[in-house]
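J.: Provided herewith is a single structure, encoded as structure tokens, for subsequent inquiry.
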Amino acid sequence: RMSRIAFKYIMSIAIATLPLSASQPKHLKIKSNPISKYSKTNKTYLVLIQCCHNQTESIDSLNNNNGHARFPEKNPLINPLVASTFGAVPPRPRRIILVRHGESEGNVDESVYTRVPDPKIGLTNKGKVQAEECGQRIKNMIQKDGDENWQLYFYVSPYRRTLETLQSLARPFERSRIAGFREEPRIREQDFGNFQNRELMKVEKAQRHLYGRFFYRFPNGESAADVYDRITGFRETLRADINIGRYQPPGEKNFDVNLVIVSHGLTLRVFLMRWYKWTVEQFEGLNNFGNGGELVMEKGYGGRYSLLMHHDEQELREFGLTDEMLIDQEWHKIARPAELNYDCPMVNSFFPHLHQETSNTQSL
């Protein structure tokens, strides 16, 4: 049996799409208000359905209570009528900064993995220093923007070494600069199983080298492909947070919010692979960046994030980017979020017959 609420919801959609003369009974008065719009072309009203809000509720209250997150029909990216009513889409964060944890006890002595659960392995004293130095570098970089209202929002893996990294990394920042943080299990380290046997792990890593770094799954653990799947879910959450202005204080528009993701080497490489749609072959050519190191995705001139806005070509080549990947990063510097790269260099290199087509064209 259909509930009364569901029936009313379906009927309201039907009413909204009927001609005015047919859809408006005598007892129903549809008034022009901030969330309805009359079309003179087909004599219909476009009505936003609001299940839990009075239609006379102020626009400010809808903005300030994060209503966009709870009701997709109020998301300006989904509903153009809302965008024109509520104003422009919230400004995107200036940067997404990827930070690998500082030196851990496991980085120094692999035997630690045989007796301490991976999530409980902490930083060395050197690792804490590396993290604090990373925080200072980030602070210096942001201060060069010249914006007095800059802030940081952190996403952090729940492992001990990443939590300790964030605590040390945040030391150079005052409370007013920290917009918030979220512990995010989906950006945890690749799972290698439970307590690790050192001799067996050497064998497993040798087999991974033969099988392929992306698809090889450790017994009772994960492959990089498994990490890719959970990173995909995190990426969609991150994009939603950006699009609804999760980091913006009520009634404000801060154009210098910087996101910091504190995670692990392989996880961050997979994140970049997923974000920029790199291939498996391109992923397997990447190198880990050092403990306490950072990689910066900075907003370009069109609004997309490019690694070349902050890093130079030599740095990115050392990280493992190829000519094609660098050309794509140049495109990201000027492209807008909704655009598609029709001149993607991967197309010509992937389809062999296009080389012949190009040769024939040049010969003419």
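Every residue gets a Cβ built from N, Cα and C, even glycine.
Just so you know, TrEMBL annotations are computer predictions that nobody has curated.
Copying in the features that TrEMBL gives for the protein in this structure:
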SIGNAL    1-23  signal peptide
BINDING   R100, H101, G102, E103, S104, E105, G106, N107, R161, K202  substrate binding site
ACT_SITE  H101  active site, tele-phosphohistidine intermediate
ACT_SITE  E189  active site, proton donor/acceptor
J.: Give the distance between the Cα atoms of the residue listed as 'active site, proton donor/acceptor' and R100 (substrate binding site), rounded to the nearest whole Å.
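T.: That comes out at 11 Å between the alpha carbons.
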J.: Please determine which of the binding-site residues listed here (G102, G106) has the lowest count of neighbouring CB atoms within 10 Å.
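T.: Fewest other Cβ atoms within 10 Å, among the binding-site residues G102, G106, is found for G106.
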J.: Per the record, substrate is bound by R100, H101, G102, E103, S104, E105, G106, N107, R161, K202: how many Å separate the farthest pair of Cα atoms?
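T.: The substrate-binding residues span at most 23 Å between Cα atoms.
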J.: Cβ neighbours within 10 Å, counted over all protein chains: which one of the recorded positions R100, H101, R161 has the most?
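T.: Of the recorded positions R100, H101, R161, the highest Cβ count within 10 Å belongs to H101.
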J.: Can you tell me how many other Cβ atoms are located within 10 Å of the Cβ belonging to S104 (substrate binding site)?
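T.: A 10 Å sphere around the Cβ of S104 (substrate binding site) contains 24 other Cβ atoms.
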